[in-house]
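*Asks:* When I checked Swiss-Prot for this same protein, it listed these features:
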- D210: Mg(2+) binding site (BINDING)
- 15-29: compositional bias 'Low complexity' (COMPBIAS)
- 341-352: compositional bias 'Low complexity' (COMPBIAS)
- 384-393: compositional bias 'Low complexity' (COMPBIAS)
- S83: phosphoserine (MOD_RES)
- S422: phosphoserine (MOD_RES)
- S426: phosphoserine (MOD_RES)
- 1-29: region 'Disordered' (REGION)
- 26-71: region 'Ubiquitin association domain' (REGION)
- 65-134: region 'Necessary for interaction with TANK' (REGION)
- 73-119: region 'Disordered' (REGION)
- 96-281: region 'RNase' (REGION)
- 198-204: region 'RNA binding' (REGION)
- 262-290: region 'Disordered' (REGION)
- 285-441: region 'Necessary for interaction with ZC3H12D' (REGION)
- 323-404: region 'Disordered' (REGION)
- 503-530: region 'Disordered' (REGION)
Amino acid sequence: MSLWELEDRRSCQGTPRPAQEPTAEEATTAELQMKVDFFRKLGYSSAEIHSVLQKLGIQADTNTVLGELVKHGSAAERERQASPDPCPQLPLVPRGGGTPKAPTVETYPPEEDKEGSDLRPIVIDGSNVAMSHGNKDVFSCRGILLAVNWFLERGHTDITVFVPSWRKEQPRPDVPITDQHILRDLEKKKILVFTPSRRVGGKRVVCYDDRFIVKLAFESDGIVVSNDTYRDLQGERQEWKRFIEERLLMYSFVNDKFMPPDDPLGRHGPSLDNFLRKKPLTSEHKKQPCPYGRKCTYGIKCRFLHPERPSRPQRSVADELRANALLPPSRAASKDKNSRRPSPSSQPGSLPTEHEQCSPDRKKLGAQASPGTPREGLMQTFAPTGRSLPPSGSSGGSFGPSEWFPQTLDSLPYASQDCLDSGIGSLESQMSELWGVRGGGPGEPGPPRGPYAGYCTYGAELPATPAFSAFSRALGAGHFSVPADYAPPPAAFPPREYWSEPYQLPPPTQRLQEPQAPGPGADRGPWGGAGRLAKERASVYTKLCGVFPPHLVEAVMSRFPQLLDPQQLAAEILSYKSQHLSE
């Protein structure tokens, strides 16, 4: 190959030139571009990356730049949410479709605004609060600030404090004021308002600031914060009186802590949260279920919920009778007629009793007594199971051991069941009426107490003992006092360990022969009446004994032998009891 050809080949291939070193500016630009590409892969825009790199510098660490980008991105997101796009893009629709409606942006008020709008306006008696915080010796403006801050922390925005304008004057030894600058600060925030006052002839003329407070709170349907009851203003207007009773929020200061009560209107009123709201959040005062359940012995006085007895009246039987005694006779009679319940003996499907199966005469008696009044049904219900009370005119019959077996509480009439709720005494009186009284000796069954002592049931027979004869004579005479020779032995009923235990049953005794001659009062009822009158009096006596002590019932019914209305008798018993308090 010739030299000329070799030079031509070199000229065609080109001779390599030495590489030139990049400048510092080019290196910086390349590094910047590399970092921008790296952060763009993470989802950040070029503008955000350039602003952060310009702030931190190109030599900043990758973690530092990434942290700043995260902060910058969250701030931009908040700004984007705060100012939504006024012209949102319309959604794409297929060809031929209708014109899409522009989406409406629903603006919801902030949660704090909704919370504040539901709260009542607050009107604070500044003088009362300041003097209370100063222990009634110093006008402590710090107390006003504590009260205002307490309501501001709860979300209240409408707060007004009234203070007389003369409190802006320089304090004097006789009128000490502390932290007076707080009044000016609250006035600048438009929370505190000074009531007008001026000097006339060297004397200070002060407007009545209490009237400002009550008037503004009444017109704005707000809350008055004060320990003053404003008695003078209650007498001016009736609506102000009602408003002050329902909207006055009292308070206490525990050192520097403002403490209003959790129950501003008492333990049965609304809570503090609902008291300060225009609409209560939840329904309150849901009673908790009673922990004792069906074993509860408090009756209607129990403050817990008893779902097993939903139809219980809210008032006791005594309160019902007292209320009925104050009603006119016509309204009381209609109310008593509506409140009566059907007796268990009138329910369908009841088994025939023993006396209906053994004697046709007894069947006739039952047929005659069946269409009677509800009082007769109540009286028959009170009789022992399987027995019926014959009319008072029947002289035959006697008492037997089967008549002394107690009833269950379910078989009691409703009047007796209601009075079990009135306490321990009424329960024991019911038990004593059910089991009766034993007298004469350990083996002799004594006559029962109560209005049924004069009646004889179909069964065994009793001897004419002196105690029984004396008791019969006492019944025939028209009163129920037990004679002196009638003394029940202490061994008749063993003592009970607990009051809730029932009396133990007496031991069964053998049936004795019927006395030859009935007592002089055997053909008459307990009060000397006969037939329907005696039954009605017995029924009324049973009802009243469930409410009042038996001796009071006997005394009043003996004074008014022809009076059978329970409401009138209850009124007479109350009157008699008030006149004989020493008994």
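Just so you know, glycine gets a Cβ as well, placed from its N, Cα and C.
In the displayed structure, how are the listed features positioned relative to their neighbours?
*Replies:* Around the Cβ of D210 (Mg(2+) binding site), the same chain contributes D125, D228, Y230, D232, L233, each under 8 angstroms and 6 or more positions distant in sequence.
Outside the region 'RNA binding' (198-204) by six or more residues, the chain places 166 with a CB less than 8 A from a CB of the stretch.
Mean pLDDT for the region 'Necessary for interaction with ZC3H12D' (285-441) in the predicted structure: 53.
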*Asks:* With DSSP helix as H/G/I and strand as E/B, how many residues of the region 'Ubiquitin association domain' (26-71) fall in helix, strand and coil?
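*Replies:* Split into helix, strand and coil, the region 'Ubiquitin association domain' (26-71) gives 37 helix, 0 strand, 9 coil.
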*Asks:* Within the region 'RNA binding' (198-204), count helix residues (DSSP H, G, I), strand residues (E, B) and coil residues, in that order.
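*Replies:* Grouping H, G, I as helix and E, B as strand yields 0 helix, 5 strand, 2 coil.
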